[in-house]
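Student: Structure in structure tokens, see below.
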């Protein structure tokens, strides 16, 4: 090869290489430009509304957006929602550059991307003492909630369900301003004097999801109609009418009803069936809050939570914190689910101090089902099986016949290829307590010709009914499951007999905090106790949508803090009917300071987990809600705007953000106030180094001339003193402040220790839980 040929060929290679680089660079630039120009939904938060005319506010939003987009026409096309009733702001499709430019305009507090939330998924009312047959309880004192309005933010509602019948109800409250928004298979005739309003919001979710949500493969309704059943279920728990003789799997459960049977309901559909579950957009949630404030609800119930990590109290990406702040400022109580991420610590969601955060408990009902082994041992499982008794038959546990590292004998991945199943009962072990373990194992065993399945899982009262009443699927805990497995392995021909289920109510069924219920401490503000309260949320019977795969004649069992939340929302509505002038904070105080710390029969409350333990404030807040005591609490801890400002300042949020949220100049003191002095009805000290003094104030709503004495149960090794020790109320003295000094005798760091402070006049007991963690601060360099 000649020298010139080499140069020529090298030049060709160089030219090709440089051309390739240029092509790749141009592609990179194009990608960057496209990414920069791609629009997504952003929430623009402007704080309190500055005008009472919604049209003026909406026009101002268009004008503000037009400054960035160049014209009002572009602003109108880009805007998805104008928040103009409860607060001011809007949701719009923006590029990152436009969002940044908008955030720099005067009056704009925050511009944040839209985010998705998830939904948190009878006898319980009698268990709580609200039987309609007791003339003097809260249910009858409040005329069953007549006149109160509960708004529910969820997956929609199935209006034809009998629980939403309006028979016997009077006229719709005159203050109601809501509508019955039409849509797919839904119109104004679907509303009545029980379901007085229904709206739907999905623009934020559609913009994020980018695909249709009502397809042949995804049965959803572009209307307030419920495709999942979750919204129907929680609505009927809160305020469903009386429906007698409800039957599930051939078991008659009697009358199903809501906590406030005469309350009026309004559905705000913000959660949609997407990717097999219920998902909800922050932009849609904020718009629902905005409309609910305008419509005139008294209570808002949200069985919705955000995935971890949580956003701050003033971050619109959460949607619930900001929306609920403005609702509470308008006198609307907001009740939210604690979440279903238990039994782990610091998992509780919806932690703002203006929200009532609800944990889930079990009730005193179980479904014992006998499992008799071939050696005549009888083990009691849980099931809802009403078919014929399965006489002694073979009992098998799936095992591989050859080496198979991928084999799993778990219920979620049940492999029965090498196991004789036909005519036999199968034992499997579940990794989780979720429905998927049951559905997969039942399907696999039935397909292979099995006659029953025993599912061993984490200790839990979370019971899922099998599809159909003729197939037995029984649940036991790991301990009993292991006992059955040892019997199988020690016998050449193991046998089992499966009986049918019975219903057991009352003793000896204990009350527990559910395994799945999210726990404290509060990960955002550890000094604010969360959850606030617990309520029944395990195996709750209520209405559902007919296309719910677990529907039995329009009703089903569900478990979750989703089910606990409407229990408390219904109780708050009852209290609001009796005490219409009580603020959201005083309503929360009433239910927390009167809560049960033992179950209604006086037995201790345990928290499910590994291992089971006595429940503490991070499991159930102040305890299990006790509605008949809450109606007459004696003393109340109130909170208004100054208290919430105190909290926001103590959290370190800056003056400009707080001022714009409130739409009035606000200057936090320097040094910042102590979060320990926020007037919540509990005391939590997350880091006690030596001694600390905090304050609280209470308002007397009992007899005018009353004297309350303090009773202290100090945590182990903690010294608690209160001044004054007596609170003396009269016609001239209705509100009194007191101080609490807490010190430690511990010389090492401790975990949380628990106690209580109770004010008593001999009739009322006003209890606040105390949670204290000692942290001895010492530098390892001090001795150097």
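A Cβ is built for glycine as well, from the same backbone N, Cα and C atoms used for every other residue.
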Student: TrEMBL lists transmembrane segment for one of the ranges 12-36, 37-61; which is that range?
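Tutor: The range carrying the transmembrane segment annotation in TrEMBL is 12-36.
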Student: Near the Cβ of residue 230 (active site, charge relay system), how many other Cβ atoms are there if near means within 10 Å?
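Tutor: So the Cβ neighbour count for residue 230 (active site, charge relay system) comes to 28.
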Student: How long is the line from the C-alpha of residue 154 (active site, charge relay system) to the C-alpha of residue 562 (active site, charge relay system), rounded to the nearest angstrom?
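Tutor: Residue 562 (active site, charge relay system) has its Cα 10 Å from the Cα of residue 154 (active site, charge relay system).
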Student: How many other Cβ atoms sit within 10 Å of the Cβ of residue 154 (active site, charge relay system)?
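Tutor: Looking across every protein chain shown, the total is 29.
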Student: If I take the alpha carbons of residue 562 (active site, charge relay system) and residue 230 (active site, charge relay system), what is the distance between them in whole Å?
Tutor: 9
